[in-house]
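A.B. asks: Structure below; questions to follow.
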Amino acid sequence: MKKEKPIQRYSAPERINHWVVAFCFIVVSISGLGFFFPSFNWLMNVFGTPQLARILHPFFGVVMFASFLIMFFRYWKHNLINREDITWAKSIHKIAMNEEVGDTGRYNFGQKCVFWAAIGSLLLLLASGIVIWRPYFADAFSIPVIRLALMVHSFAAVLLIIVIMVHIYAALWVKGTITAMVEGWVPAAWAKKHHPRWYREVKAKEQERK
Ligand code: HEM
């Protein structure tokens with residue numbers, strides 16, 4: 001039987017966009033943990049020196065937010081929750097055993113949760129980050145507001161770190177997924193197994209073009 005050719009999932013600009021977000025996330029979360037816990041202060045050296053970390057952390061945070069916004073506008077439609085997602089969520093025990101459930105589209109319910117949690121925590125991080133950003137904006141706010149913003153910033157950062165740890169685990173755990181974001185393509189068998197509705201949509205578009 002003839003083997004089906006791989007399917008393109010991400011273009012080069014989409015992959016560059018994603019890896020810019022991922023790179024910023026890594027340096028910003030490492031330096032952020034460095035600011036937060038005295039025993040982790042050495043992590044500030046991710047930017048070379050603690051002083052540089054203090055200056056660069058917010059700028060890299062803004063770049064991460066802006067780059068994620070491009071991803072947000074590209075993928076939000078594929079991440080809208082539908083009925084199939086309820087089936088998927090109810091069968092999470094089967095998913096954990098590597099079984100597939102429901103007629104999943106481009107993204108499954110787990111991926112959609114990561115997507116919405118990421119945009120939610122990034123919005124909180126940006127808003128609270130501006131309030132605590134010295135020397136540029138913090139002077140415009142009162143001490144109680146700055147204290148509140150510091151708390152929001154810390155909780156949103158912990159949430160995003162946990163969410164991205166789950167995201168990385170899933171990306172590596174589901175065999176064949178990482179090539180999607182590294183090389184841009186996925187095997188047809190991967191698409192059929194994990195995202196059957198998306199597979200049919202891609203094939204229907206291919207037929208239309210012929
Ligand atoms: C640092 C290591 C990271 C790795 C190894 C990684 C890996 C991947 C992979 C393999 C995919 C393709 C999944 C698929 O198409 O089925 C993907 C998609 C995606 N990633 Fe990452 N990623 C990382 C960091 C991040 C970060 C920091 C964010 C956001 C803050 C992020 C947000 C996304 C989004 C939004 C998608 C598209 C899925 C969707 O819209 O639901 N990733 N990632």
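The first residue you see is number 1, and the count goes up from there.
Positions of Cβ are set from backbone N, Cα and C atoms, glycine also.
Because TrEMBL annotations are produced automatically, they should be read as predictions rather than curated entries.
As annotated in TrEMBL:
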| type | residues | note |
| --- | --- | --- |
| DOMAIN | 9-184 | domain 'Cytochrome b561 bacterial/Ni-hydrogenase' |
| TRANSMEM | 20-43 | transmembrane segment |
| TRANSMEM | 55-76 | transmembrane segment |
| TRANSMEM | 113-133 | transmembrane segment |
| TRANSMEM | 145-172 | transmembrane segment |
A.B. asks: Please figure out which one of 20-43, 113-133, 145-172 racks up the most CB pairs under 8 Å against the transmembrane segment (55-76).
C.D. replies: 20-43
A.B. asks: By a Cβ-Cβ criterion of under 8 Å, what residues six or more beyond either terminus of the transmembrane segment (113-133) are in contact with it?
C.D. replies: 58, 61-62, 64-65, 68, 72, 75-76, 79, 107, 141, 145-146, 149-150, 152-153, 155-157, 159-160, 163-164, 166-167, 170
A.B. asks: Along the domain 'Cytochrome b561 bacterial/Ni-hydrogenase' (9-184), what average pLDDT does this model show?
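C.D. replies: Here the mean pLDDT over the domain 'Cytochrome b561 bacterial/Ni-hydrogenase' (9-184) amounts to 97.
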